Amino acid sequence: MANINENYLKLKAGYLFPEISKRVKIYSEKNPSAKIIRLGIGDVTLPIVPSVVDAMVEASKEMGTVGGFHGYGPEQGYSFLLKSIADHDYGSLGIKIDESEIFVSDGSKCDCGNIQEIFSTDSKIAVADPVYPVYVDTNVMAGRTGEIGPDGRYSNLIYMPATKENGFQPEIPKEKADIVYLCYPNNPTGTVTTKESLKAWVEYAKKNNSIILYDSAYEAFISEPGVPRSIYEVEGAKEVAIEFRSFSKTAGFTGLRCAYIVIPKELKGKTRSGEEVSLNSLWNRRHTTKFNGVSYVTQKGAEACYSPQGKKEIQTSIAYYMANASKIRDGLKKAGYEVFGGVNAPYIWLKTSDNLSSWDFFDKLLNKAQVVGTPGSGFGPAGEGYFRLSAFGKKEDVEEAIARITSL
């Protein structure tokens, strides 16, 4: 028999969302007539907008012609999409991003998990707590985290608590981290950061030769003025930061799969001997070796997101979800819950009632209200006693779910 990668055995038992599915399945089998409302995993419910559908239909028709057929495309992405991303997502902010600095992929989850492959396995990793589990689990798999302790923390990770007391803004660590994961608007807390805070992170990264991995998958949900949409709004960030963006929640592409990662040419890593290496070139080598590119049809759909009509339709979808978020926030607040997020992000982070643990609160909502959310402890030890609800449900389901919860 071949030896296995034993780092996989260090993973916490059961990834968060499969564990939720398991509990819901058990309940459903015992209560087959129960109407369960799911406000847990962040999958969208609205259909793809017409502009995107039309573009994909036309692209599909092209594929059925001799002159319009596309086989393997450029792994980095078609130029028409790269240009749209550079012009609309960054040019509109006054940020110059070259097409060669953008890599189109099949999802931010994949990018966040794969990017660690280009860094040394002895790199010191810093994550917020609570945190999107993929950041931690992929580094566990790579062998960077050490063993898990009785408190649920891995011995070789730097945890940066994001709590009510610090406004869910993780404090900059006193020790040196090689890789720092940041996510804004934040999953799971639904909170945002400030430009001043990002400046401090960029300064820290420069001082410590660190790389910031900036997950901005929910940028399109920002509604308040002054909230930074990209870390590259901060001067010097191109020298220290990689940014992740996605069409999944912005345009409902969870079933189509399209995202992108930005790695500026200025960004460097180093070898053990101290030689500088372009991270853009390194990722390009990895990307073209392990990935054949997103389909032509999907990329034409993504391009349509940037058309005037596409933007208008997508904003209507985003407004629908954020109206759900407001309903959740307002309903829970009226019922006496302590609530965070849900203003610039589609997630609401709430304190559990009666000092229940996160999983006990999950079971309470499932068994008494038939509502499914996400236990905060699944995002890290600092998430214990909290709970995440998603605004991606249907309007009528959200309204019924809040009515059920507030009647408990």
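Every residue gets a Cβ built from N, Cα and C, even glycine.
Long-range C-beta contacts of Asn187 (substrate binding site), restricted to its own chain and to partners at least six residues apart, with a cutoff below 8 Å, comprise Gly42, Tyr132, Asp215, Ala217, Tyr218, Ala345, Tyr347. The substrate binding site annotation in Swiss-Prot covers Tyr15, Gly42, Lys109, Tyr132, Asn187, Asn292, Arg388.
Listed in sequence order, Gly107, Ser108, Ala217, Phe253, Cys258, Ala259, Tyr260 are the same-chain residues at least 6 apart in sequence whose CB falls under 8 Å from the CB of Ser246 (pyridoxal 5'-phosphate binding site). Annotation source Swiss-Prot lists pyridoxal 5'-phosphate binding site at Tyr72, Ser108, Lys109, Tyr132, Asn187, Tyr218, Ser246, Phe247, Ser248, Arg257, Asn292.
The N6-(pyridoxal phosphate)lysine annotation in Swiss-Prot covers Lys249 and rests on sequence analysis. Take the CB of Lys249 (N6-(pyridoxal phosphate)lysine) and look out to 10 A: across all protein chains shown you find 25 other CB atoms.
The distance from the Cα of Ser248 (pyridoxal 5'-phosphate binding site) to the Cα of Asn292 (substrate binding site) comes to 19 Å. Of the residues the record lists as binding substrate, namely Tyr15, Gly42, Lys109, Tyr132, Asn187, Asn292, Arg388, the two whose Cα atoms sit farthest apart are 35 Å from each other. Tyr15 (substrate binding site) falls outside any helix or strand according to DSSP and counts as coil.
In the structure shown, across all protein chains, Ser248 is the one of the binding-site residues Ser248, Asn292 with the greatest number of other Cβ atoms within 10 Å. Taking every protein chain shown into account, Tyr15, Tyr72, Tyr132 are the binding-site residues, and of these the Cβ with the most other Cβ atoms within 10 Å belongs to Tyr132. Proximity of Lys109 (substrate binding site) to non-local residues of its own chain (separation of 6 or more, Cβ distance below 8 Å) is seen for Val134, given in sequence order. In this structure, the binding-site residues under consideration are Gly42, Arg388, and the one with the smallest number of other Cβ atoms within 10 Å of its Cβ is Gly42.
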